[in-house]
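For HIS300, HIS304, GLU323, the entry in TrEMBL reads Zn(2+) binding site. According to TrEMBL, the feature active site, proton acceptor maps to GLU301. The active site, proton donor annotation in TrEMBL covers TYR389. Look at TrEMBL and you will find 475-577 tagged as domain 'Peptidase M1 leukotriene A4 hydrolase/aminopeptidase C-terminal'.
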Amino acid sequence: MHVTCATPICFTFNDYSLRGRRLQKYMRFVNVELELMLRLIRLHVAIVQTLVLDTHPSLLIHSIDCKVPGSTGAQDISPSLTYRVDPFTDYGSSLNISLPAYVIRPHRAFQITVRYTTTDGPAIWWLDAELTCGQTRPLVFTQGHSVCNRSFFPCFDTPAVKSTYTATVRVPEGVTVLMSASRSAYSKQDRVFQFSMEYPVPAYLVALVAGDLQHVDIGPRSRVWAEPCILTCAVSKLGGSVERWLNVAEDLFGPYVWGRYDIVFLPPSFPIVAMENPCLTFIISSILESREFLLIDVIHEIAHGWFGNAVTNATWEEMWLSEGLATYAQRRITTEAYGEAFTCLETVFRLDALHRQMRLLGDNNPVSKLQVKFEPGINPSSLMNLFTYEKGFCFVSYLSQLCGNVKRFDSFLRAYIEQFKFSSVVAQDLLDFFLGFFPELKESCVAQREGLEFERWLNGCGPPLCEPDLSAGGVLTGPVQSLCDLWASEPPDPEAIANFNLSSWNTFQTVLFLDRLLDRSPLSHDVMGQLSRCYSAQLDEMNAEVRIRWLQIVVRNSFYPDLPRIRGFLHKHVSGD
């Protein structure tokens, strides 16, 4: 089976849907009746008798019908099909649908309609009003990555399969619905939202949010959505920056193909920092505290418009094709927009974190491979780690270095996107295209260069085989390391330390300093006392990314005088009681 046409998905929420019963402290769910219509075409001559979709035990299947559009007579009737649900793994099941012989003729479209009810699945998050930012209305959102959307709708839940989709959503009055779609319309009389995604996407990129949401346009193709209580803050933090970042990205990688780039800020219950849903980035509202982290995360999601969304990893075993390339693209954008020093600082901070994870896992841990081999039943979401981002970034940076000129590599990436746009690829596709684009590199056998073989990059455990030159960031990282060295001396020199003013540093400098102090823990009680006297009150006034690192140092070193600060931090940032 191959999905070639629009996949209409019809959602119907009645007035009860946002007043469901309480399930637990952090989320709630309601039973929602939905209808899924798949329009499929059999492309191969081989006989096909069964359609297999990914589903989840939380989906209750009621009926499945089949129809051949445009047919007449008995074939125009929509017969009920027989089906069975087989256990697969702890994160899903297989829905096996028996197909009538007349339906599955080669190159003829047919339509499958699945009527079902959602219950308590991992993709759909129902929040009571008190768990939202405004605490006035409930909110629901979905999170499909990596394999959660099979609990939202039966689908081909693999990044190898892409399709377009449409959706119809009926909601109570006063509720706004958004989806990761390129077009939308709203009928106020019927309280119905209609959506259409005209470009093919994998199942994990279908996303929905509904609640008390308002918007402000921040550019010709961008708007910010949020609950009213945080909308002004969100707009002020982003201003006109998004259009600037999009323009830089287009100069580097070619046209932005998705039309709109909107952002919706979600409550702190959102389970990750950000998600690159096409046309509509989901991002956690707590990121608004830090301008630099907000900047990096939004630019990273913009980069996914090219790397991950337009061209997708065909298998979850090669997630670096999305995250590693998007991280490289993000840093090309920040270099053009904010300079090389800032980009190198952020990269040093992330690579520090990678090596910290490496020390915890050990050099031979298989999850450090770029091509991770899944054992049957392993949830791909469990293997999301820094290696897919940072080791992947280092490999892409190495490919760029082989070209001898970053602008030549930009040209290659533009051609790569144009060649594979709206398709899914494996690593060999990227590397073959790279060597074909630079035939002189292929002739010099760079793929087999001793110690840096492409195969070793992909299938070797451990840290990156090499890292990019980050010396341009020395103007920002140098003071951080100098201050760390002063605190490592016995005893620390108060006068020398006083020459460093953390309030003049940007967030990445401060968190890099605190991370490196944490790496040197345990610290003596006297040093902790001196650190607290120098910085504790000052850090209390900084953003959450800074404060949580200081509190980790407090916990790691059992520094009891600052323990009350932990309670205050948790009270502010943890949802629920």
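Positions of Cβ are set from backbone N, Cα and C atoms, glycine also.
Given the structure is predicted, the values throughout are model-derived calculations rather than measurements.
Between HIS300 (Zn(2+) binding site) and the residue listed as 'active site, proton donor', the C-alpha separation comes to 11 Å.
Within 10 Å of the Cβ of the residue listed as 'active site, proton acceptor' there are 23 other Cβ atoms, across all protein chains. Cβ environment of GLU323 (Zn(2+) binding site): GLY308, THR388, TYR389, GLY392 lie under 8 Å away, each six or more residues apart in the same chain. Taking the mean position of the Cβ atoms of HIS300, HIS304, GLU323 as the Zn(2+) site, the remaining residues of that chain whose Cβ falls within 8 Å of it are GLU276, GLU301, ALA303, PHE307, GLY308, SER322, ALA326, THR327, ALA329, GLN330, TYR389. Within the same chain, residues at least 6 positions away in sequence whose Cβ sits under 8 Å from that of HIS304 (Zn(2+) binding site) are GLU276, SER322, ALA326.
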